[in-house]
Amino acid sequence: MKLIGLLLAVASLRGGSATSIDWASLGPRIEAMATTGEVDEHVTDFFRLKHTFKPNGKPIELQIFDGMSEKQKIELTCAFCDLGAAQFLSWFNAGDSPAVIVDKGVNLCLDLNVQTERVCRGVLEMFVDMFYYILTERNSTEPVTAAEACGFLVFPTCWVDNPRYQWTLDLDFLGPKPTPETPQLPPAGSPVLKVLQLTDIHVDPNYSVGGNGDCDEPTCCRVDQGAPVNSTPAGYWGDYRDCDLPVHSFINLLEQTSTHSDLAYVIFTGDIIDHGVWATTTQYNIDLINFFYDQLKSSYNVPVLPIFGNHEPHPLNVFTSEEMNVPPEISSDWLYELAVAQWEAWLPGQSANILKGGYYAYEVNPGLKVIGLNTMFCYPYNFWLMHTTFDPAGELIWLANELLASEQANQKVHLLSHIPGNSDCYYVWGKEFRRIVDRFENTIVGQFHGHTHNDHFHLFFDPTDSSRASGIGFVGGSGTSYSNVNPNYRIYHIDGAYDGSSYRVLDHETWYYNLTEANLGGETVPPNWQKLYTFTESFGVASVFPQDMYDLTLRMINDTQLFQLYYSYYVKIGDPSLEEGCDEACVRKLLCKILTSVETDYTMCDQLLPPLP
């Protein structure tokens with residue numbers, strides 16, 4: 001098969017490797033191990049060469065990748081994924097029960113040293129019923145293939161070449177695009193709205209002060225992970241390693257943000273639940289979500305406009321919609337019902353769309369509508385996309401209709417979405433979303449995101465003129481320090497509520513505290529929250545309008561010092577990230593993020609950025 005040939009090629013490439021791996025026999029050995037179930041130590045030694053394996057969107061890093069080209073890494077990764085997925089599918093097709101599949105999967109997970117036993121079992125038990133249902137439903141029409149599964153599991157590294165995922169919306173009903181308007185700064189002295197963004201809080205009730213911050217599981221510093229061994233104990237106010245936010249740090253964050261007494265409203269762009277992805281339950285998530293929103297209600301006397309993150313459901317990442325009509329025990333109905341109960345105080349009259357698919361449209365005032373999207377329907381790790389592919393939940397057509405109504409009412413729109421359209425969003429959904437954003441360039445005047453845990457922005461471009469930036473998305477960082485960043489929040493300065501307001505973002509500022517300093521102070525000294533930067537001042541730009549931000553990006557391509565300033569804010573001057581720095585590949589990656597509006601469409605990157613050697 002393809003894997004064997006690929007491994008032989010890699011063997012030739014790495015003939016001088018110091019490892020003891022017999023590359024020529026590795027492919028057949030893996031196939032034999034998967035077929036017989038008998039452990040082959042030669043194979044397990046190969047997987048134990050990994051540096052790390054964390055599930056927060058980070059790639060599997062294997063020492064064997066050192067020295068390979070990107071193309072070779074991709075081919076090898078997808079070949080291994082295909083092999084593993086084919087093994088799970090063979091168990092299903094052989095008639096194994098969910099319990100048997102879990103047991104076999106745990107054994108394979110442990111044999112390959114992927115994770116600890118409780119992580120392997122916890123994750124497999126969470127997902128097996130959903131997968132069993134999807135595979136059963138699909139077998140009646142078009143069975144799921146290994147390559148198809150890997151197109152979701154390892155997107156965008158691996159690709160799904162299947163017509164069922166190549167769909168296009170009929171948007172003719174929208175009519176022609178109006179002539180684009182050139183954004184203008186408002187007259188001096190015009191009213192300004194101040195809007196707070198919280199995102200990616202990841203509260204961990206199991207955080208253990210003094211605990212083990214250097215574990216072998218997806219998140220650390222938890223009460224059941226023992227004492228640290230040859231490593232620094234977890235800090236009181238949080239930890240730079242793969243650890244989430246202690247409850248007392250979350251309360252301190254709310255106390256700090258509530259000192260901004262002139263806020264118009266608050267936006268929360270998702271992710272409440274911690275990264276203990278193997279240990280959540282429906283009830284655990286319900287209790288933590290209720291606690292989170294109850295704390296927000298007691299902290300702010302202004303509306304809070306929230307959306308879902310990928311960690312809110314159990315299991316994480318997977319969202320159904322009303323149209324899928326799946327059994328209640330594997331549906332997201334409980335989460336939507338919980339959201340209606342908690343959000344009703346802030347979003348009256350929005351229950352129908354929230355129950356349908358977790359989205360809404362709310363008029364902040366007659367001139368401004370805020371649309372909260374559920375971008376889990378674009379998220380490759382939402383495996384329900386293998387069940388319902390075409391515009392899941394009807395969200396994009398709904399969005400287009402909402403925007404058309406706003407355009408006709410001369411109303412401006414802000415979009416809230418957890419996942420930025422250019423990052424971790426499945427390319428077909430992202431492509432159609434970009435079409436809608438372009439059509440309503442004059443109506444959508446701001447997009448606000450979370451998910452990445454970093455502080456940055458990305459641009460949309462006129463499809464007929466790539467030199468003209470036509471839209472912008474702002475990514476607000478994270479309340480958690482997971483991983484190697486400081487906790488932060490953002491405040492936006494927005495053209496205010498008056499006749500003729502553009503409601504565009506005029507500027508924004510990021511506030512943070514330094515974890516090293518805070519932990520040295522300990523329990524008795526509150527963190528030193530301070531302003532990290534104000535965008536226009538730090539970067540010397542007249543505005544944060546799309547074209548000014550594009551001009552800034554072009555300057556950063558050729559100005560190393562300017563880019564390093566951007567990088568320091570990107571990681572919120574997290575001490576470990578600053579120490580690690582940003583090499584040539586990192587620089588290209590972050591600049592490409594700015595220039596990309598649809599994941600896998602790197603046209604602007606290739607046009608403007610020099611290729612890596």
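Easy rule for this one: first residue shown is 1, then count along the chain.
Note that Cβ sites are derived from N, Cα and C of the backbone, with glycine treated the same way.
Note: TrEMBL annotation is automatic and uncurated.
The Cβ neighbour count for His202 (Zn(2+) 1 binding site), using a 10 Å radius and every protein chain shown, is 25. TrEMBL lists Asp200, His202, Asp271, His453 with the feature Zn(2+) 1 binding site.
Per TrEMBL, Zn(2+) 2 binding site is recorded for Asp271, Asn310, His418, His451.
Annotation source TrEMBL lists domain 'Calcineurin-like phosphoesterase' at 193-454. If you average pLDDT over the domain 'Calcineurin-like phosphoesterase' (193-454) in this model, you get 96.
Residues or ranges marked as domain 'Sphingomyelin phosphodiesterase C-terminal' by TrEMBL: 485-605.
Marked as signal peptide by TrEMBL: 1-18.
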If you measure from the Cα of Asp200 (Zn(2+) 1 binding site), which of the binding-site residues Asn310, His418, His451 is the nearest? His451
If we take the Cα of Asn310 (Zn(2+) 2 binding site) and draw a 10 Å sphere, the binding-site residues of His202, Asp271, His453 inside it are Asp271
Within the domain 'Sphingomyelin phosphodiesterase C-terminal' (485-605), count helix residues (DSSP H, G, I), strand residues (E, B) and coil residues, in that order. 57 helix, 21 strand, 43 coil
Would you list the other residues of this chain near Zn(2+) 1 - those whose C-beta lies within 8 angstroms of the C-beta centroid of Asp200, His202, Asp271, His453 - in sequence order? Thr199, Ile201, Asp244, Gly270, Gly309, His311, Gly450, His451, Ser478, Gly479, Thr480, Tyr482
Nearest-integer angstrom distance between the alpha carbons (Cα) of His451 (Zn(2+) 2 binding site) and His202 (Zn(2+) 1 binding site): 11
Shell of the Zn(2+) 2 site beyond Asp271, Asn310, His418, His451, same chain only (C-beta within 8 angstroms of their C-beta centre): Thr199, Asp200, Thr269, Gly270, Phe308, Gly309, His311, Thr375, Ile419, Gly450
Whole-number Å distance separating the Cα atoms of His453 (Zn(2+) 1 binding site) and His418 (Zn(2+) 2 binding site) is 11
Nearest-integer angstrom distance between the alpha carbons (Cα) of His202 (Zn(2+) 1 binding site) and His418 (Zn(2+) 2 binding site): 13
Just to confirm: which same-chain residues, 6+ apart in sequence, have a Cβ under 8 Å from the Cβ of Asp271 (Zn(2+) 1 binding site)? Thr199, Asp200, Ile201, His202, Gly309, Asn310, His311, Glu312, His418, Gly450, His451, Ser478
